[in-house]
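**Student:** Pasting in a structure now, in structure tokens, and then I'll have a few things to ask.
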Amino acid sequence: VETEDQVLATFCGREATDTEQTPGQEVVLSPGFFMSVTFRSDFSNEERFTGFDAHYMAVDVDECTEQEDEELACDHYCHNYIGGYYCSCRFGYILHTDNRTCRVECSDNLFTQTTGIITSPDFPNPYPKSSECFYTIELEEGFRVSLQFEDIFDIEDHPEVPCPYDYIKIKADSKLWGPFCGEKAPEPIDTQSHSIQIMFRSDNSGENQGWRLSYRATGNECPKLQPPVHGKIEPLQATYSFKDQVLISCDTGYKVLKDKVEMDTFQMECLKDGTWSSKVPTCKIADCGAPPELEHGLVTFSSRNNLTTYKSEVRYSCQQPYYKMLHNITGIYTCSAQGVWMNEVLGRSQPTCLPGTPSSPFPPIQSPWTVLTSLCLLSPPLAVCGQPSRSLPNLVKRIIGGRNAEPGLFPWQALIVVEDTSRVPNDKWFGSGALLSESWILTAAHVLRSQRRDNTVTPVSREHVTVYLGLHDVRDKSGAVNSSAARVLLHPDFNIQNYNNDIALVQLQEPAPLGPHVMPVCLPRPELEGPAPHMLGLVAGWGISNPNVTVDEIISSGTRTLSDILQYVKLPVVPHAECKTSYESRSGNYSVTENMFCAGYYEGGKDTCLGDSGGAFVILDDLSQRWVAQGLVSWGGPEECGSKQVYGVYTKVSNYVDWVWEQIGSPQGLGELQVERIFNGRPVQRGTTPWIAMLSHLNGQPFCGGSLLGSNWIVTAAHCLHQALDPEDPTLHDSVLLRPSDFKIIMGKHWRLRSDETEQHLRVKHIVLHPLYVPTTFENDVALVELLESPKLNDFVMPICLPERPPQEGAVAIVSGWGKQFLQRFPETLMEIEIPIVDHHTCQEAYIPLQKKVTKDMICAGEKEGGKDACAGDSGGPMVTLDRERGQWYLVGTVSWGEDCGKKDRYGVYSYIYQNKDWIQRVT
């Protein structure tokens, strides 16, 4: 057995006897791809040898097996196959043209940062063979790049020829460094350039680690900066170079001033030529400017020279004693660091001067106002009532032939002019009244009755009524305040036959400014029976000067019948039995009821006459030293005015104090128009619900209501603040929650879609849902919305108070909103409805058939027979109740859910604010 040039083995003999010469199981392997077998025999075969039998096979050679003292077949990976092999490279490498070595593609490396690290490929592993790598550092002009090689530096070298195989070269502009190779790292290189090219080359042999360098760019230095007076520079460094930036800011209370523009901060940058981008600005002290004027008030400067700069103070005060400041605050505003006048309670909101509400001179609590953390009113302010600036004299004469009143003696006196052609065809009708507040006049119902030719009781149209206040001489109205009527309210039980319940109210179109000549009169305490017999009271008016003119003659006369100058008289109260007998003994047509009292003299001569109708009969209260309206001039006998034993009959005001409060007890008066709203409700008088908020999409479309708490929080329903949930997965994911940027809050809103001059649009800062809110059952359906800025408080924007105790079952609550009305139509304006609060058990029983649960955090309201309810669009809106003792409104609930709006046995369900009060106070 042999190859071309070598005998591999020679065999003969017989296996059974000659084992040394026989192959046995020996395998003969050819070193190459060729093998020959030669068999030779001589001339004899006496022993009958049978020959041989051999098997052959080709065996593949594994070229990938590492051989001693031989170079590897492949640089990275070797793949063997029958008859040959092939090479491949690691990721990021490509196979060289020799099909065995691997090189890297590294010709496009760009570095633009001011610092960085550059290495040979695969460092610290051996770098690839047959590669050319290019690295470029390209920065802005104005930077200088320096290079620093690390100690590990290993590039193939030659002992005699410098860098003939592998090397690194560096070029910057026209300068060249290198080539570098060997095991010694180059010294640091300062290129003085912003554009650097680095070239690294390797041949097809060698196993060296390579190199690593770091680079750093420094810029041209700029001059050192000096901070402005009352200012600072950040960051503060010993030196500044190209691209370094500094921020100029000022001390608290100062603003950066640059090119006449004020700003909080100013940024400067070191430029490539070593100069700063701008000069250092100055710091200017914050200036709040002149404080805005206060309606019904004034402002005084606390600082010398009337300064309006940072930390300067001004004091707002109301025109005492006619107006008092809303919230019991000092009125001191300090110029803040932001250049805004700020109060510690109201923030940047301006104070409000209110004249107060009609009040008894005997308030139920000592303090007229109490400020809560929520900035809501705990009780109404004391009205400045019954305290004229001039003292009334002790002795007065009768109106008839009597004494003229000095200006300011009766500042509550109102002249009411009615021009109603259905009643007085040829003339105007004059009456008197008494001012109760800046917006309300108390008078007799018969003054404002439109007298047709029947006994119907219909008020005159408000367009026909004009009211004059502060009037002294009817010939000179220049100093008087005149106003048209917004509403005319007659007592619903006024009887035209006997003048029982002869009392009425007029709401002024515009609030009257209070002062020495315009001031309310006080209302009596409702628990009193009225004035005691023989008490002396005063009546003022522009009465009939001629005692011989009768009622019929006045109506038909074309002559002037009024006194030009306001007059007054002092009259004693007549015992009720005496007066009743005096009239009823003459005719059965007269009826002196318990709602009336009489005043006058038995001998006559002193009385009030036609033209004084509706004027106030006032008595000085000994305890408070205020004048109280105990009566209203109502009627008298048919005899001549001031006749003997003919007393004047007056409406007993103390019997109607509760009725008056029901009409005007809210901030602007509760509306009495019986117009359908939502379901059998009524429209809201503008300003009667100043705490209501509209939640509106950014396109102006409203979607829910809310209530103002304090200065910058809105309470609403939690279900208003997320999209509809998937019934299969009713989980409150972030994706379904509204974001603060998705909607806005509108305060002072009246019209649903039209703009109001009173409205304030406010951005949302933060949304907080109750942590135990359950969307599927509406448990704890309450949320809070924090405003980015506080609204300005005024007559149309005011916070509501949180309840101090649970409401009584059956108490009447008022719900407001812009929700759907009857026939599923949205109203044009804000609507309200009065509904009773329902006990929890009754409400639970009503919803059991529907398999719905009314939990303890819910409160119900509505009527069993249905017809009144809050509907779609009212969600989150307020349900409030009035504490009549304190004259204060409290938030009881927010509209949450219900079944079939206004349906029988389907009460409205509200989030119970008292139950969630602690959580609300913690958050706000």
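Cβ coordinates are placed from backbone N, Cα and C, and glycine is handled just like the others.
According to TrEMBL, the feature domain 'CUB' maps to 1-59, 106-218. Look at TrEMBL and you will find Cys106-Cys133 tagged as disulfide bond. Residues annotated as domain 'Sushi' in TrEMBL: 220-285, 286-355. Among the features that TrEMBL reports, domain 'Peptidase S1' is placed at 399-665, 678-924.
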**Student:** Counting only residues 6+ apart in the same chain, whose Cβ is under 8 Å from the Cβ of Cys133 (disulfide bond)?
**Tutor:** Val104, Cys106, Ser107, Asn109, Ser120, Pro121, Met199, Phe200, Arg201
**Student:** Write out how many residues of the domain 'Sushi' (220-285) are helix, how many strand and how many coil, based on DSSP.
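**Tutor:** Computed counts for the domain 'Sushi' (220-285) are 0 helix, 33 strand, 33 coil.
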**Student:** I'd like the per-state residue tally for the domain 'Sushi' (286-355) from DSSP, helix first, then strand, then coil.
**Tutor:** 3 helix, 25 strand, 42 coil
**Student:** Count the Cβ atoms, other than its own, that fall within 10 Å of the Cβ of Cys106 (disulfide bond), considering every protein chain shown.
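**Tutor:** Within a 10 Å radius of the Cβ of Cys106 (disulfide bond) lie 17 other Cβ atoms.
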**Student:** Per DSSP, Cys133 (disulfide bond) is which: helix, strand or coil?
**Tutor:** strand
